[in-house]
Amino acid sequence: MITSIELRNFRNLENYKVLINKPLVIIQGLNGVGKTSILESIYFAATTKSHRSSVEKDMIQYDKPYASVKLIEDSKLHEIVLTPNGKRTTINKSEVRKISDYIGQLRVVMFAPEDLMLIKGSPSERRYFLDMELMQVSKTYLRNLNSYKKILKQRNALLKKNRNLTDYTFLNILGEQLYDVGIQIFDERQKFIEALNQKFKTIQTKYKDFEVEMLYEPNVTKENFLKHLKTKQKQDIMYETTTAGIHKDDFKLLYKGLNAKDSASQGTSRLIVIELKLALLEWIKEVTKTDAILLLDDVLSELDLERQNLFMSQLSKNHQVFITTALPINGHIDFQKIVLQEGETINAK
């Protein structure tokens, strides 16, 4: 459980500290005061990434030299300092130089309005989801993914520089290396999706009218991947890129057997993604034997009272949960309330 959050120059929060004393934390305030920034800081401290922007320096307050996040979680101090030139990660004040050694020390599951892109967005956004979640629990996956990206970059560079290439020896060597790593990533993604579908079934025993399923859509089968790499060299040379592989995978979220992208309303889409995140939470617990922290940004908006109550009833008491909202919280639940105004703590009780 996170017991302390301390931020410096992070977004619009210049000097912010709050102590946490309950598993359920409700962060209230008007739009623009920094509610989402608190959740982003926790996500950043856990994953070294922002869920909002691919430009890391955007997290540094304007005209400041750095931003920092300090979290105390189960007596362990997590700290990440971001400058325009890079970032520095420490655990209990000892520097962790390899990001692969840092990721997974603190595990989080995040829901934000942007996550509707898991249904409506591009395949690259869905692949990013697969990678981020698997990286948190599997060092092997992270290592394989980094290797795959490195080999893919080499192969694509070779394809671009040698448009008249006729000797495919080195191209085939890179193809075999890509295949060896790629099929391991394929297997982990497939197992991950199968595991989430099992979690969906468990959740659906309580809510039988809400059927969600995840369908893996690999770009190419394991059996055909190596064959493609060894027989489609001319095609890859023409397009100057590797045209098949796990870097082009996708998945669909199905609602009552239909593609949610085409069949689900905005409100239903939010619930589908929420269901996905709750399943993910339970999967992480099963695999790692630890409880991930659930971060919910503006999760209650666009949900009617019945759906709000349905959602709140599903929150496990075993996980720490942070929720941002501009709405009053209904129901008899025990929580810590933090009210933000102009980036400062007005009330935390």
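Even glycines carry a Cβ here, placed using N, Cα and C.
Feature list (source: Swiss-Prot):
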BINDING   Gly29, Leu30, Asn31, Gly32, Val33, Gly34, Lys35, Thr36  ATP binding site
Quiz question: given the binding-site residues Asn31, Thr36, which has the greatest number of C-beta atoms lying within 10 angstroms of its own C-beta?
Thr36
Binding-site residues compared (Leu30, Val33) - the one with the fewest other Cβ atoms within 10 Å:
Leu30
Least surrounded among the binding-site residues, given as Gly29, Gly32, when other CB atoms within 10 Å are counted
Gly32
CB-centroid shell, 8 A cutoff, ATP site Gly29, Leu30, Asn31, Gly32, Val33, Gly34, Lys35, Thr36, site residues removed:
Thr324, Ala326, Leu340
